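Feature list (source: TrEMBL):
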DOMAIN    42-85  domain 'NADH-Ubiquinone oxidoreductase (complex I) chain 5 N-terminal'
DOMAIN    102-379  domain 'NADH:quinone oxidoreductase/Mrp antiporter transmembrane'
DOMAIN    386-533  domain 'NADH dehydrogenase subunit 5 C-terminal'
TRANSMEM  47-69  transmembrane segment
TRANSMEM  81-100  transmembrane segment
TRANSMEM  167-188  transmembrane segment
TRANSMEM  209-227  transmembrane segment
TRANSMEM  265-285  transmembrane segment
TRANSMEM  291-313  transmembrane segment
TRANSMEM  334-355  transmembrane segment
TRANSMEM  367-392  transmembrane segment
TRANSMEM  412-431  transmembrane segment
TRANSMEM  446-468  transmembrane segment
TRANSMEM  488-508  transmembrane segment
TRANSMEM  551-571  transmembrane segment
Amino acid sequence: MGLFLLLFGFSSFCWLMFGKLSGYDFSFCVVVSVDLLSVFLMEVNFPLVFDCISLSFSAVVCFISAWVVVYSGFYMSHETYLRRFLFLVFLFVVAMNLLIFSPSMLTLMVGWDGLGVISFLLVVYYMDYNSYSAGVITVLSNRIGDVLFIIFLSLACRDLSFDYFMVNFYSSGLLMGLGACILIGSITKSAQIPFSAWLPAAMAAPTPVSTLVHSSTLVTAGVFVIIRFSDLLGGGLKVALILLALCTFYLAGVSGVFEVDMKKVVALSTLSQVSMMMLALGLGLKFLALYHLLVHAFFKALMFMCVGSMMFMSGGSQDIRFFSGVLKKAPLSSTWFFISVVCLCGLPFMSGFYSKDIIVEFCLSSSWGIVMSLMILGSVAMTAGYAFRVLFLLFKDIEIFGFGLFVEEDQYLVSALWGLGVGALFSGYFLQCVLRDSVNYFNLPGFWKVMVLGFLVIGVSMSVCLVYSSAEGVGFLSLSNSVGLARFVGKMMFLPLLSGVWLGSSVLKLGTNWVNYVESFWLSKAFWYSGFSDVFGFYSSKVRDSNAKYVGVGLVGGLIFVWLVFVGFGFNW
């Protein structure tokens, strides 16, 4: 209860501070420097930035995290070490807030690496083979982003500027390299092609963790970093981002149609929505991407909570083909799940409609041609198709034995569903009012507006055909299963082998070879026993015979003096 009040209170504080400082205007920015250490010539401080982006995003993250803590009281009620689990969740939220409020890449790396380490601990929380495999794939994929961000810091050292608002002062020759590091490093966290395999694998974590990861923390961290450093992306990098986002959007839609694992279907829906945010960023619409990020966080967290409650009540099953009859046995979870699905599809006047449709319509009105328009509309139709396919399978009037063992009367579950459900229902309209001065408006021909809604109807019709044709043993799904196409496409084609198995095995093999051939052979045997040990031993004995303590004191004192001079005056040279 104390952790819930802390997170909910901080969320309320962020919204109040947002309104108090800005008057709902995006033009303000306050940077606060927290002094951590001040000794002689050395000063260590931690800068924090308070602006429209950081305050609104942190408020949403903490609001969702507060209800995830409540939900954990239901879903993790069997857990012996519940306090340890909640402590890891709290550290996860703290790391995300460090990333959100950091104006500098140096301090942002603290939150970025914290997310990577704690996400690994949460993914492997159940400590079985599948969890460890998923954890290794997740952490190795994210380490690529860490390496590129470190390269970013190395390149930025040339101009001694690491803050996002100092981008215009970078040397022109550095902008391309810095932008490439930011782009590739960010898509590793946001699971864009070719780093998409870790996102479905991370479903091995407990459902409360999946709720946080897929709604407002780990997956959205890459989107947030690109929003911060969007000025670094030139025309070529934006084109690359658009192409990657389009391919990922289409891949997620196709894979979702064939997937039967409940949690992975929701994970693929996250992948498609993150791709839409990246698409908006590639088109230069960073505030529109932020708008969709905030709205998506609410209904995706609600969706995961509903899926988790239905899994819990069915005895742990994740196969959607065995969830029929859930409407009668779990009416509250089913109702909120239906609301989250229609928000995901962007049906008119639901929260997803306010943000998703604007991005789609802006893409259609751009000058990218018919191919991009067809890919976007096809992906929108497939999103509606696999989402309503899940609904039709859930609401089929067939009794399932597992649901008779549980009832929806747990106070933690009911509170969490209502708390996030209200947010999912009204977040689109409320955030539209908050962001109205920053989101671009444009005129769209009525034909394109009707076209978007028409493809939604096509997607829903496709889901009906898929469900009832497969039930009769005929149709496209049955044929696909017979030739193995459904398994190949449902498992994201070749990506698990490329960015999952191949990446993990290659990195681990590289580490093993380094130990065997470099450390064990060249350093320990060839280098040490080739005469270096005799030379080192000779000079060591000479030092011991002399007055070694004075030599050591002088050496250490000289190093400290040089270091203090560099820290105190080096940045002014």
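Glycine too: its Cβ is placed from the backbone N, Cα and C atoms.
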Key: Stretch contact, the transmembrane segment (446-468) with the transmembrane segment (265-285), Cβ-Cβ under 8 Å, 3+ pairs   = no
When counting Cβ pairs under 8 Å to the transmembrane segment (209-227), the leader among 47-69, 265-285, 291-313, 334-355 = 291-313
Ask   = By a Cβ-Cβ criterion of under 8 Å, what residues six or more beyond either terminus of the transmembrane segment (291-313) are in contact with it?
value = 56-57, 60-61, 64, 67-68, 71, 74-75, 207-208, 210-212, 214-216, 220, 223-224, 262-263, 266, 269-270, 273, 276-277, 280, 323, 326, 329-330, 333-334, 336-337, 339-341, 343-344, 351-352, 354-356, 358-359, 394, 402-403, 405-406, 408, 413, 416-417, 420-421, 423-424, 427-428, 431-432, 435, 439
Inquiry  = Is the transmembrane segment (412-431) in contact with the transmembrane segment (265-285), using at least 3 Cβ pairs under 8 Å (sequence separation of 6 or more) as the test?
reply    = no
Key: Structural state census, the domain 'NADH-Ubiquinone oxidoreductase (complex I) chain 5 N-terminal' (42-85) (DSSP three-state)   = 28 helix, 10 strand, 6 coil
